[in-house]
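Per TrEMBL, the features are as follows:
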- HIS414: active site (ACT_SITE)
- 540-622: domain 'Carbohydrate binding' (DOMAIN)
- 1-24: signal peptide (SIGNAL)
Amino acid sequence: MGISSKLQVISVLLVGLLALEAVSYNFNYGDAMDKTLLFFEAQRSGKLPPNQRVKWRGDSGLKDGFLQGVNLVGGYYDAGDHVKFGLPMAYSLTMLGWSVVDYRKEIADLNQMGNTLAAIKWGTDYFIKAHTQPNVLWAQVGDGDSDHYCWERAEDMTTPRTAYKLDPSHPGSDLAGEAAAALAAASLAFKPYDSSYSNLLLVHAKQLFSFADTFRGLYDDSIPNAQAFYTSSGYSDELLWAAAWLYRATYDEYYLKYVVDNAVSLGGTGWAVKEFSWDNKYAGVQILLTKILLDGAGGSYTPTLKQYQAKADYFTCACLQKNDGYNVALTPGGLIYVREWNNLQYASSAAFLLAMYSDYLSEKKIVLTCPEGQVQPSDVLSFAKSQADYILGKNPKAISYLVGYGQNYPIHVHHRGASIAPISVLHTAVSCIEGFETWYRRPQANPNIIHGALLGGPSKTDDFSDDRSNYEQTEPTLSGSAPLIGLFVKLQSLSGYPGSYRHTSPTPYQKPPASYHPQPSTPYYKAPGSSNYKAPGAPVTFLHSIISTWTIGPTTYYKHRVVVKNTSQKQITNLKFIIENLSGSLWGLSPCPEKNTYELPQWIKILKPGSELTFVYVQGGAQAKVSIKSYH
């Protein structure tokens, strides 16, 4: 190779190095927590309070329960629909209550105690209303089937608001048990601030546990309508879960004796699990009871509590991939993978639970001995952090799966209210069918940003499609978001970040002009070392930059942004690109049948003089080669 060629190679390498803008992922977990709390405000049903921060929402469900002669106004809508499912709602409240109980100081330091307690109380007030008699619990409002046939705002609901109840003839030990756990955890959360409310919650919690234990059965056997949406795998774990929380709330030995006496029959010391979720509480029970043991309060129950501890350690070792092959599945990018449908809810719950357990272990300076080596408490917390960071953008797609956080997050969320212009802008009601035809199928971004919504997330190969109809990946849930409060608070307390976050309300939706076409890419900014070059033979220039980089395992990934600008005096149509050497994912352009060929997305048909479009791709190794194939 000649000197001239060597100099050219060195020059190219230097340009490449200058183009790398290494981004350290110092996430602002306080901001993420604040946005997650906003999601709970977006999911509110009932008469909204004056201090409601999510302004595109309005009052809804104001007659829930009236046909059955009971006041069931309030509570939370479950996901992107308008059904109030009791089991995941109660689980979400348990997670919020646990967060306050263990991270009270940290939440107060962020000035978020008021918002967090308000999120809990919106749900617990509803369950108090729903618990009309000691052995009666109204478990659900809304018909899942008819609700899913309509796409309309909660404020415009025309679907049946049928209410379903549990009673001695129609038991539901799983749901009643989870509600008991939620109210017991909430009673602890409110105890320093409102002792009378705390006591009221505890009265309902005790009655619900007695109801759940005395009249045993699966709630979805009593309410078949729920089976297609939240099928319960059993109620034994919820009985133990409720008793464990009632012991923590009361220190009444009756409840501790219950979890010990029923450890075998209800599976508490038998089940070794690799999942923690709205349906499976065994890992939570095992870690909650291990805390009693570590605190030295086991007494004569210590031998059984040690059996619970062994199962808690099994879950932890499985998550950290040190369980002799019996591990939790991970995606190539390092995300916990349990199920195809809404997988991030399982990752968020596991990460929350591991963060809690790491605290319990760290306080007592306990080192776990897994089948494949020792695990320090800091290792457990580091793994929990890896799940939080994946959610916030440290993943192969470089997407924040927490809507509204960061610069690049999904904009076609499967959520009725977020996808339809609010009543303050569009004053007429949106009918069931009109919602599908006008709003569900539109290619543009949702008009309302549903801040803090944790979406279903990527596939087992880290792939993700930001498509409103892709409900498995783009629909948020209460049960997915709730564990994030405690997880983000814990990480914020350790981050050294100042904790600044937006205290103002989200910007209300403004009706865009007719010419407005939202693009599915983040706002452009020029990265240091970015390259600007003209496409040969075409009236456009490319500004190609690397805007972030991160390493997962042996592979370094780069997020590339390409800005295409029309430098001519005429509009360009039918613009097609050739993108070679692309090994990762791309968004902002539509693929063509021809190999390596892409075209403008359907919402951008014309590139006007002086205008720009942006597309983004992520891959390891060198950048792709972008050129123009054709245009008019």
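Here the Cβ of each residue, glycine as well, is placed from N, Cα and C on the backbone.
TrEMBL labels come from automatic prediction, so no person has curated them.
Each residue in the domain 'Carbohydrate binding' (540-622) gets a DSSP state, and the totals come to 0 helix, 51 strand, 32 coil.
Model confidence over the domain 'Carbohydrate binding' (540-622) is summarised by a mean pLDDT of 79.
Residue density at the residue listed as 'active site': 25 other Cβ atoms are found within 10 A of its Cβ, drawing on all protein chains shown.
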